[in-house]
């Protein structure tokens, strides 16, 4: 079972080495599904409000889950467009990947495109 920092340096570079439990505070679940759960949180280093998706890669199909996480992180790192959520980084802790992204509020969505009001 995979634990800690990946041995492959190319894969290891996809993840921050910091402890996500020390960085993200005030976690409040805002959604969940088969992939894991999404939390509203504050980055204690920047004071920025973010969304954190916690995805477990333990248990059944560990390798498949791990490969899905790697694919998602690589995709998010390449995604740069004004109409997408900003990828902030990914951290590993106890068989769980913590993917941090910007958080769009209802106000942001309403005012970013006046033709598509919520």
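Here, residue 1 is simply the first one shown, and the rest follow in order.
Glycine residues also receive a Cβ, built from the backbone N, Cα and C atoms like all the rest.
Features reported for this protein in TrEMBL:
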DOMAIN    24-118  domain 'Protein kinase'
BINDING   54  ATP binding site
- Near the residue listed as 'ATP binding site', how many other Cβ atoms are within 10 Å of its Cβ? 20
- May I ask you to report the DSSP-based helix, strand or coil state of the residue listed as 'ATP binding site'? strand
